Structures are given as structure tokens and as C-alpha cells.
Amino acid sequence: MGKENEAVEETITTTPSNDQDLTSTTNAIIQSQDEAENRPQLVRTLSTAPYSIFTPKTKLFIVFIVSISSLISPLGASTFYPALDVLAQDLHVTPTLINLSLTTYMIAQGIAPSIIAGMSDNSGRRLSYIICFVIFIVANVGLALQTNYAALLVLRMVQAFGCSAAIALSTAVVADIATSAERGRYMGYATAGLLIGPAFGPTVGGVLDQFLGWRATFWFLVIFAGMLLIIYGVFMPETCRNVVGNGSIPARGVNLSILGYLQQRKHAKEMLDDGEMEVASVNLAAKQRAKFKFPNPLKTLAILREKESLIVLLYNGAFFTGMIGFATPAIPVLYRDIYNLNTLDIGLCYITMGMGSLTSALTMGHAVDWNFRRHAKRLGVVINKGKQQDLSNFPIERVRLEVVVPGHIIGTLAILAFGWTLKYKTSLAGPEIALFFIGFGVSTAFNISNTLLVDLHRSTPATATAAVNLVRCFMTAGAAACILPLSNAINPGWAFTIIGLVYVCLTPVLFLLMSKGQKWRTETNALREKKRTAKLAREAIERDTESQEEGDDGLSVEPHEKEKDKGPQ
């Protein structure tokens, strides 16, 4: 009897999830399982554990690794930019057809994360990363050995499938380990690889093509991805909150790494030394790990039905297209025709844009976090270090987008300057300076709007970032296909002026989100909660129905046995 009372009075501290709603939902599921299995209902208290058990140094290591891994997507796309003409000659096709391989790459890159990201939100980041690296390696081996145009198109799509999800996963990892108050800095670091890759990729490709031939670019990618596969397999800890919570739930199988094991062991020892006991719902976590759910790509499309998210996605994709879809593919042809540069020189010209992106990544994240603290102080919101803030009544849209506005203006002016310096054939310094500010302005707007989208979808960050990929890649694919014909039809000055005018028209969108975003977010969250409640109610009814069909020992009772139990009528 004493043991039963102890069981009833037991207090379990659940590992904190991404937000308060998910914590309450998890507790409701556990409670309904207790009732369905006729167990004594346990009293549960809200966790006082930190948002993440990883130390600041470990967080920086994790973010550094995911930033390096996100390089494989832009490197896969851009390393052979300087060799486009050489590749066309070797495969006996026109440069226009070779540019088509860029378009098919972007289309595949937009679709693939919708599958991989959903899997990572359910089964963990490590497994998804490992699958991506293996696919990427196989595709690059094929590209290095292929000898015809059809194989190039197919293998480029496979290559995109293997590398594109790394972008969504890097953002998701930041959401796993960083609160909203510190997310700006970490997000800037994590996406640095994505944004500097298009700049340094052509540089690497130009050097390799100049001295070893275009096939060497793909062998370089095989080696790079192989190194990442080893690092992830051995060191990278699992961060997915649906698998390891704040890191305190022991990882198993493919989710377990050396660093993750050491971090969990250290945390357990600290809890024991402090005389505290943090118990997660181990049974529930084990069931979640055991059940592999095939990813549903439609969840990514569902984000497009949300008003605020759709506007952020369209803005994010349109602005990013200016750098990756228009400026980057135009450089090899325009620079060769205007400045008579070889492939190595063209590759080196991308460095300035990469430096602009890197400058944004290292500085503007701090500005975002400062603005968060400024608004929190103004509203009397206390920021607890290591704890996730309640954003339900916090103007997160204004906090993020106030920092986007300067980047938007800088990027727009730089796009205009880039086109007209090429039109008037100024010294090479003219378009190169413009490229630096394109990298800075576009990267600022992209990073921060991406961070806002993660704030709006904290429980499924990888799926949200997959939606970013879907929109921006489709936009970029169209832009890459039309920029050269547009520049030839009018001239680079007017071609990039049209793009700049589009960005001028997008400016009011920022202020619309700042004024209406919080209201739309409240409406969306209310609708989500309504759907979640209805789902839990349906699950409870199904469990009640199943329990009525089971015997006291939990075994199913056959119909003829039920008749025997009734006895004579």
C-alpha cells in the first residue's frame, strides 16, 4: 500500500520542449496513456531544466559543424560555374543547355528537403545528415565519371537531393539548442556556409578547372562530403528535441555519438551531485524512437496555407533570388565578355560577394539579439538565460524585421549598381564593390527572415526551413534560366533595374508584417490548438474503443469466448 501511494505521489519532471504548448500536449498524451492502461495517474510538474544541456562551447562547435556542412549545397551548385563553357564543349552541347542543368538542380533542391526535413523532425538530425552525405557522395562520383549530357542532368538532380536538405537541417539544429533570445547570433553563424558557398565555390572550381580539369571539381566534392560523413558519424551529437529533448534523454543507435554520450554523462553526474533527479518520459521517448514515420512532404506545403508564413516565404525567396538566381549565374558570361577573364580569374571575382555575406553573418546576428533585448526591456519581459521565452504576446516580427530594413535597402541599391557598372563597362572594381554589398544586404535579409520563420514554427524547424528551400529554389531556378536572355535583350543595366524595382515594391511587405504579424500569429496558433485538441480527442476515443475490446489481462478476447463468459441465458 505504501508503494502504491509513493507511485501516485511521484513527481516527474518532463524535459522542456520547444514551447509551452508542446509540453502541455506531451503531458496530456502521457496522462491519457496512464488512464488507458489503468495505471495510477502521476503528478507532473513543469520542468525547471534548461532549454538545452549543451554548454556554450559545445553549442559553438555544433553550429560550426552544421555551418560547414551547409556548404555542400552551394558548393555542389557553384563549383563548376567557371567551367560552364568548357563543360559545354566537352559534352558537345550549347551553353544554354548547360545552364539548364542549373535549373534542374534548383528544382530538385527545392523538392528534396520536404522529404528529408520531415524525417529529421521525427527521427533525428544525425540520420538525415548521414543519408544526405551518402547520396551526395554517390552522385558526385557519377558526375566525375559521366560522359554525356543526359547523365549530367540526372546526376545533378541526385546531387541536389543529397545536399539540399543540409540547409534545412542546419537551421533546425540551431532551433534545437538556442532560445529565441540568442537565436540571431547562432543562426547567422549556421547559415554562413550557405551564403558564402556561392562566392567561394566558383573560386575553388576555377582553380581546379584551370589546373586539373572540370572533373576534379566533383572529386573535390566527394572528398569534402566524405570528411563530413566521418565527423558526423563520430562526433556530432543528436539535437532533435523530439528524440533527445533538451539533450538529457539518452540517444540510441544511429542517434548516439561520442560527443553526445559524453555530454549526457556529464549532465547526469551534475544532476546526481546536486541531489536532483531529472526524469524524462523514457517509455514515451522510446516509443517515439521505435516508430519510424515515413516523412510527409505535404506538411511543408501546409505552411504555405498560413498567411504570415506565406508572406515571409515569398519575401525571403524573392530577395535571395537577386544574389543566387541573377547575379551569381550572370558573372561567368558577363565578366568574360566585358573583361576578357579566364576561368580562374572569374572564380576569384566571387570572393567579394562571399566576404559581404560573411560580414553579415558575423555581425548582424548580434544586432538581432540586441534588438530582442531592447524590446524585452521596453515591454518589461525578463530574459532568463538558457530558458525559452514565451512569444505569444511578444512582437517578434517587429524585433526581427527592424534589422532587415537596412539590409533590404543596401541590397537593393547594390543590385542596381551592379547592373549599371557592367552596362557602362567601368573598371572591375565597380561591380566587385557592388557584389560585396549584394552579399551583405541579401544575406542580412535572408538570415533574419529565415530566423523569423523558425520562431513561427519552433516545434518543426526543419519542415519550416524546407518550405524556405522549396520557394527560394523554384524562384532561383526561373531566374537562372532568364537572366542571360534578359541581359542580352535589353542590357545588364536595365535588366538589374527591373530586379531592383521588384525589391522596392517589396519594401511595404516588411512594414505590413511588422504591423499585422502578431495578430496573424495569434489567429494561426489558435487554429493549431483547436486542431490539436480535436486530434487528441479522437485518439482518446480510439483508445477507449480498443480498451473495451480487451480483457482484464490485456489480451484480445475472441467473440466465441465472450459468448462463453456470458453463461447460459
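The backbone N, Cα and C atoms fix where each Cβ goes, and this holds for glycine too.
Feature annotation from TrEMBL assigns region 'Disordered' to 1-23 (among others).
Annotation source TrEMBL lists compositional bias 'Polar residues' at 11-23.
Nonlocal intrachain contacts for the transmembrane segment (60-84), taken as residues 6+ away from its ends with a CB within less than 8 angstroms of a stretch CB, comprise 54, 95, 98-99, 102, 105-106, 109, 129, 133, 136, 140, 159-160, 163-164, 166-167, 169-170, 173-174, 177, 186, 189-198, 201-202, 204-206, 208-209, 214, 217-218, 220-221, 224-225, 228, 231-232, 235-237, 239, 259, 324, 328-329, 331-332, 343-344, 346-347, 350. Residues annotated as transmembrane segment in TrEMBL: 60-84 (among others).
Taken from TrEMBL, the feature domain 'Major facilitator superfamily (MFS) profile' applies to 62-518.
The transmembrane segment annotation in TrEMBL covers 96-115 (among others).
Residues or ranges marked as transmembrane segment in TrEMBL: 127-145 (among others).
Summarising the annotation, TrEMBL assigns transmembrane segment to 151-174 (among others).
Look at TrEMBL and you will find 186-204 (among others) tagged as transmembrane segment.
Annotation comment: TrEMBL describes 216-235 (among others) as transmembrane segment.
Taken from TrEMBL, the feature transmembrane segment covers 313-335 (among others).
Within the chain carrying the transmembrane segment (347-368), a Cβ under 8 angstroms from the stretch's Cβ atoms is held by residues 78, 81-82, 183-189, 191-192, 195-207, 323, 327-328, 331, 335, 341, 399-400, 403, 407, 428, 432-433, 435-444, 447-448, 451, all 6 or more beyond its ends. Positions annotated as transmembrane segment by TrEMBL: 347-368 (among others).
Proximity of distant same-chain residues to the transmembrane segment (403-421), defined by a Cβ-Cβ separation under 8 Å and at least 6 residues beyond the stretch ends, is recorded for 319, 322-323, 326-327, 360, 364, 367-368, 371, 430-431, 433-438, 440-445, 448-449, 492-497, 499-500, 503-504, 506-507, 510. The transmembrane segment annotation in TrEMBL covers 403-421 (among others).
The transmembrane segment annotation in TrEMBL covers 433-454 (among others).
The transmembrane segment annotation in TrEMBL covers 466-487 (among others).
What TrEMBL records for 493-513 (among others) is transmembrane segment.
Summarising the annotation, TrEMBL assigns region 'Disordered' to 529-569 (among others).
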Closest-packing stretch to the transmembrane segment (313-335), where packing means Cβ pairs under 8 Å, from 96-115, 151-174, 216-235, 433-454, 466-487:
466-487
Can you say which of 96-115, 127-145, 186-204, 216-235, 433-454 has the most Cβ pairs under 8 Å with the transmembrane segment (466-487)?
96-115
If you average pLDDT over the domain 'Major facilitator superfamily (MFS) profile' (62-518), what do you get?
82
